[in-house]
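Read through the structure below, which is laid out as structure tokens, and then see the notes.
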2 protein chains.
Amino acid sequence: MNILVAKNVGFCFGVKRALDLVLKLLEENKKVYLLGDLVHNNNVMNHLKQKGAETISLSDVPHDAKDSVLVVRAHGVPPEDLQFAKMHFGQVVDTTCPIVQRLFQLAKKMSEEGYKILTFGKKEHPEMIALKGYVKDAFIEQNPIELSGKVCLLSQTTMSIEEYKQFASKVMEISNVNEFRMFNTICRVSAEREAETRQIAQQSDVVIVVGGKHSSNTKKLVAIAEKYAKVIHVEGADEVDQNDLSNYKTIGVVSGTSTPYEDVKKIIEKLLSGRESHGY
Amino acid sequence: MNILVAKNVGFCFGVKRALDLVLKLLEENKKVYLLGDLVHNNNVMNHLKQKGAETISLSDVPHDAKDSVLVVRAHGVPPEDLQFAKMHFGQVVDTTCPIVQRLFQLAKKMSEEGYKILTFGKKEHPEMIALKGYVKDAFIEQNPIELSGKVCLLSQTTMSIEEYKQFASKVMEISNVNEFRMFNTICRVSAEREAETRQIAQQSDVVIVVGGKHSSNTKKLVAIAEKYAKVIHVEGADEVDQNDLSNYKTIGVVSGTSTPYEDVKKIIEKLLSGRESHGY
């Protein structure tokens with residue numbers, strides 16, 4: 001049995017930055033409220049909750065808000081929510097990923113310049129809900145739509161670049177625009193993992209994708225790996241059964257950007273111990 | 001026999017404007033030199049030459065240049081040529097079509113903003129040669145090419161909008177851009193004639209396309225009409241033989257933007273006289 005581990009595993013810098021900010025607050029013994037999941041990873045969320053952080057929504061402001069810190073998650077929130085939070089909480093810490101923040105600012109600027117904003121993304125994803133806060137009439141679509149006039153195309157940061165190109169190409173074909181702008185707002189770190197996953201899956205019989213079941217960037221890796229190999233999507237080592245994997249010659253291991261490096265490491269250790277017990 | 005005549009025939013405003021400027025100079029008894037063909041129509045060019053205008057190139061500055069007017073053609077010229085002309089001629093009159101001028105200024109501005117300029121057009125067309133004077137490293141292509149970085153797409157003003165969309169769509173698909181801009185720089189008047197030609201050709205058995213054999217916008221109309229009907233491309237009435245047309249039930253007539261209304265009129269009269277002689 002060969003194990004192919006991706007070069008880029010563990011947290012991306014945006015997630016690491018968000019977590020460091022929260023852990024620092026917790027170490028300072030601050031009362032920390034999280035505005036929704038900081039990142040899409042249950043292990044990470046459970047860890048933070050054990051340390052005292054609480055997840056809340058703005059419809060239910062806690063009684064000790066003025067003595068607490070509200071942490072805005074990595075996916076960002078609509079600006080109204082940020083304003084509301086600042087009015088009600090003693091302190092507000094914004095952990096919005098800088099790459100996501102750039103997307104919001106671009107959407108806002110282009111909208112102010114008279115462009116219709118069409119974003120390749122998932123309507124229900126927190127990043128897209130936040131974006132709609134910046135540009136109320138932005139179109140959030142996964143399938144191409146026909147537009148006219150001045151059109152600006154953006155993408156949720158965790159979408160597939162290849163699919164974004166197909167989407168943009170089709171919009172261009174079916175629309176009648178006077179002016180068309182397209183920005184590659186896809187996270188480069190996430191795109192690199194996408195390319196790496198493709199490469200690893202092509203050489204593997206089975207790929208273990210480690211990451212949150214609700215994580216958009218992790219689900220993207222699953223979809224890519226599935227084109228080339230059998231896929232097992234897990235959040236942690238306890239979901240991996242080395243007996244089920246004993247028949248595979250080459251096992252690939254990749255992870256989403258909100259997955260702790262420790263989770264990946266534990267899985268590799270399990271696979272290696274499995275190797276021993278089977279006499280490889 | 002039915003005759004379907006396009007609503008938009010005769011000169012477009014850009015050609016009319018250029019011709020008016022030259023005719024006014026000739027009426028003022030000025031010595032007029034034309035820097036290449038004012039427009040791509042032999043009848044128009046012969047008319048101007050009869051009135052005393054002479055076509056020259058800048059490699060051969062006439063001895064009486066300082067007492068003469070040099071007229072820059074509707075397709076525009078590279079800025080260096082304009083500068084050279086101003087140094088050597090008594091007066092320079094620039095008849096560059098405003099729609100073409102907008103294309104040049106856009107190319108210049110976008111290039112200054114760091115975009116690679118990719119223009120959908122014909123390398124040898126005077127409009128594209130002029131554009132290369134504004135942006136030395138502009139790509140002029142009829143087939144999609146792969147690019148990266150910041151890319152701006154423009155089109156020669158007389159190309160087909162449908163083909164431009166296909167071109168742009170394909171470039172988007174095969175390229176890896178950080179930022180993509182596309183402007184619809186196609187002449188609206190020319191595009192309208194394109195749509196009208198399609199409509200007329202669909203209802204006709206034969207379409208007479210009137211316009212210069214070297215005219216890009218006229219050749220575009222020929223290509224469109226050919227998809228639906230037999231096509232006869234003529235520059236004037238003398239090329240139309242009503243006997244050849246007696247077997248057709250419906251005859252369409254369309255014209256390029258540099259075609260005098262008189263030429264179209266003469267053809268219609270010939271068709272109508274043919275109708276009489278055949279007893280229709």
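The count begins at 1 with the first shown residue.
Including glycine, each Cβ sits where the backbone N, Cα and C put it.
Database features (TrEMBL):
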type	residues	note
BINDING	A:Cys12, A:Cys97, A:Cys187	[4Fe-4S] cluster binding site
BINDING	A:His40, A:His75, A:His125, A:Thr157, A:Ser215, A:Ser216, A:Asn217, A:Ser258	(2E)-4-hydroxy-3-methylbut-2-enyl diphosphate binding site
BINDING	A:His40, A:His75, A:His125, A:Ser215, A:Ser216, A:Asn217, A:Ser258	dimethylallyl diphosphate binding site
BINDING	A:His40, A:His75, A:His125, A:Ser215, A:Ser216, A:Asn217, A:Ser258	isopentenyl diphosphate binding site
ACT_SITE	A:Glu127	active site, proton donor
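Geometry remark: A:Ser216 ((2E)-4-hydroxy-3-methylbut-2-enyl diphosphate binding site) versus A:Glu127 (active site, proton donor), CA distance 10 Å.
Ranking the binding-site residues A:His40, A:His75, A:His125 by how many other Cβ atoms lie within 10 angstroms of each Cβ puts A:His125 at the bottom. When secondary structure is read from DSSP and collapsed to three states, A:Ser216 ((2E)-4-hydroxy-3-methylbut-2-enyl diphosphate binding site) falls in the helix class. If you measure from the Cα atom of A:His40 ((2E)-4-hydroxy-3-methylbut-2-enyl diphosphate binding site) to that of the residue listed as 'active site, proton donor', you get 12 Å. Within 10 Å (C-alpha to C-alpha) of A:Thr157 ((2E)-4-hydroxy-3-methylbut-2-enyl diphosphate binding site) lie the following recorded positions from A:Cys12, A:Glu127, A:Cys187: A:Glu127, A:Cys187. DSSP classifies A:Glu127 (active site, proton donor) as helix under the three-state reduction. When the Cα of the residue listed as 'active site, proton donor' is compared against those of the binding-site residues A:Cys12, A:His75, A:Ser215, the shortest separation belongs to A:His75. Local packing around the Cβ, expressed as the count of other Cβ atoms within 10 angstroms, is greatest for A:Ser258 among the binding-site residues A:Thr157, A:Ser215, A:Ser258. Within 10 Å of the C-beta of A:Cys97 ([4Fe-4S] cluster binding site) there are 24 other C-beta atoms, taking all protein chains into account. Under DSSP, A:His40 ((2E)-4-hydroxy-3-methylbut-2-enyl diphosphate binding site) is assigned to coil, being neither helix nor strand in the three-state scheme. Counted over all residue pairs in A:His40, A:His75, A:His125, A:Ser215, A:Ser216, A:Asn217, A:Ser258, the record's binders of dimethylallyl diphosphate, the longest Cα to Cα distance measures 15 angstrom. Summarising the environment of A:Glu127 (active site, proton donor), the number of other Cβ atoms within 10 Å of its Cβ, over all protein chains shown, is 24.
Recorded residues A:Ser258 ((2E)-4-hydroxy-3-methylbut-2-enyl diphosphate binding site) and A:Cys187 ([4Fe-4S] cluster binding site) have their alpha carbons 13 Å apart, per Cα-Cα distance. Listed in sequence order, the residues A:Val39, A:Pro126, A:Glu127, A:Thr158, A:Gly212, A:Thr218, A:Gly256, A:Thr257 complete the 8 Å Cβ shell around the (2E)-4-hydroxy-3-methylbut-2-enyl diphosphate site centroid, once A:His40, A:His75, A:His125, A:Thr157, A:Ser215, A:Ser216, A:Asn217, A:Ser258 themselves are left out.
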